[in-house]
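Listed in Swiss-Prot for this protein:
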type	residues	note
TRANSMEM	5-23	transmembrane segment
TRANSMEM	30-52	transmembrane segment
TRANSMEM	81-103	transmembrane segment
TRANSMEM	112-129	transmembrane segment
TRANSMEM	133-155	transmembrane segment
TRANSMEM	168-190	transmembrane segment
TRANSMEM	243-262	transmembrane segment
TRANSMEM	301-319	transmembrane segment
TRANSMEM	364-386	transmembrane segment
TRANSMEM	409-431	transmembrane segment
TRANSMEM	535-557	transmembrane segment
TRANSMEM	615-637	transmembrane segment
Amino acid sequence: MYLSIIILPLLGSIVSGFFGRKVGVTGSRILGCLSIITTTILAIISFFEVGFNNNPISINLFKWLDSESFNMVWNFQFDSLTVSMLIPVLVISSLVHFYSIGYMSHDPHSQRFFSYLSLFTFMMIILVTGNNYLLMFVGWEGVGVCSYLLVSFWFTRIAANQSSLSAFLTNRVGDCFLTIGMFVILWSLGNLDYSTVFSLAPYINENIITIIGICLLIGAMAKSSQVGLHIWLPMAMEGPTPVSALIHAATMVTAGVYLLIRSSPLIEYSSTVLLICLWLGAVTTVFSSLIGLFQQDIKKIIAYSTMSQLGMMVIAIGLSSYNVAIFHLINHAFYKGLLFLGAGAVIHAVVDNQDLRKYGGLISFLPLTYTVILIASLSLVAFPFMTGFFSKDFILESAYGQYHFSSINVYFIATIGAVFTTLYSVKVIYLTFLANPNGSVNYYKNAHEGDIFLSLPLVILAIFSIYFGYLTKDIYIGLGSGFFIDNSIFIHPMREILIDTEFGVPTIFKLLPFFLTIFFSVLSIVYYEYMPKVVVDFNLTNLGYYIYGFFNQRFLVEFFYNKYIVNTVLDLGGQTTKILDKGSVEWIGPYGFGIALVKASKTVSGLGKGVVTDYALYILIGACFYLSIFTFISIFFDLANSITLSCVLVLLGVNNYVKLNKNDNINENSLTSSFLWSNTKEMSKYTTKIII
């Protein structure tokens, strides 16, 4: 069963992509949806089996890398964190597949689209279920490639190609640092397996853990669109709306958050990394929600809303509330997917127009879409008893409940971000459905609700957006919940704040976000309905023009990057190419050698002037040249021969001298021994005579 969860989306992708002509358009849609729906059912079964029974499953397929000091296995694990991530990934994916049947019904390349969607789901499952950092990185790169393919699906659009390239290159920055972090893990621990790395984490130098954590955080910043590496996410809205719902709301953008949660046994031992996460999430929340307030494209507003909620998740990670972070991740996937699919239904109804200012009065034509977008928006602003309320407010309470200077400041900053979230949510609902009609007559003549393929996913996600948070809050954030006792996440005992959050936060600070949400919702509706002239008059002033332009142009971050980073790198690359590739390398190499030969041949050919005396001079010079060469060679060889002969003679003389010395020594030794022997004999005779 567990292996089927991994394999089925890949089979669906292969059939739709390589055999699309054989099975046809309808066949590719049916097979793609069936494979994902079957996988979703199996994932729900695994959620109950693994999560509630605390029975982690491990699957070893085969060895990938095998050396003396480093072994890597294709190993997949299903623990409580994995099955929790599989639920939003596969539920949203199956609903998006079903939704795409109606949304992409008139597209001539729907087989390719369904193949890309199934391949993305497969790569996301690899990322979530991998049992080591290298296998996780395979899925990490896979979802990046699939995102590139899906954003540029309509490749005849220049904006789509630019957006996909921007997403691809921006994520390369994060991937580079993630790779560096993996190298540091391998250098310091000798392994990339989760169990080995996490079991040795308490015994490593904190500075090394900080370096690893910062590298992992930068990788997560790019994938989860945090401030600094966020520019690709709003541009990625050029892709089809189902792609935005699947990739850029529910699954791929949460991969960075998942990476940090999975690495909790590592980063818990570095307070520096946690503090950076805390402030990074706070800045991202306010930054993105403030930009979203000044956007006019409905999909870009929802994209900046996604970025803001990802900042909330990073705040929870900085507070060491990993269970709250994963809970908010799952809740956010459902209501943000609903927002994107609802926006897709609106865009589909008004002939692909995405400008809010050309909507208005659509509540009469799209009552179901209005209802589901209202439900999703209420969940987004954490209205009481909606799904988002149980996780988003708990993050804010956790920030105040830690009782540190940084966390209390982050509480107020994130609350301001929540207020801006309320404002642009009301803006979307009001300008789209409640305001006076501002669009073309053709919009309203042709506006209609979608078919069953567009409507059913909206209803299902609306049910999730209402009830899922209430039904699962005790599983993820309840006191004494044993859902994560299989050590899939780790919270250091010194940083455990669940009880402080539940019982130590004053009631006023628990209710403050709710009161601000209600107050600013009413204020914004009154403002738009009864005082629109004030907004127009302010925008027409110089101050209003500059303020609106600054926020509408996203704090001029893209302008800064293009002017000071992109242009600098391009100039540096151009100069490098000019000096090295086009310069020294080619001058030393074939280009310069060819030019030298051509010039030499022209010089030689220019010597033929037809003057006899010049020719005689050339002959004389040539003869002298050849004579000098031969003379040098003869002298050189004579000198060499003389040296060789002298060396031979010297060696022979030395050899003879050594031999003569040896013979003389031998003769002297023989004479001495004979003389001594004869004297000994005579002495013995004389001694004998005396004795007689």
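Cβ coordinates come from backbone N, Cα and C, glycine included.
Looking at 30-52, 243-262, 364-386, the range that has the most CB pairs within less than 8 A of the transmembrane segment (112-129) turns out to be 243-262. Counting only same-chain residues 6+ beyond the ends of the transmembrane segment (535-557), those with a CB under 8 A from a CB of the stretch are 230-231, 234, 287, 290-291, 293-295, 527-528. With a threshold of 8 Å between CB atoms, the same-chain residues lying at least 6 positions outside the transmembrane segment (168-190) that come near it are 69-70, 133-134, 137, 140-141, 144, 147-148, 196-197, 200, 204, 208, 211-216, 218-223, 229, 231-232, 256, 259.
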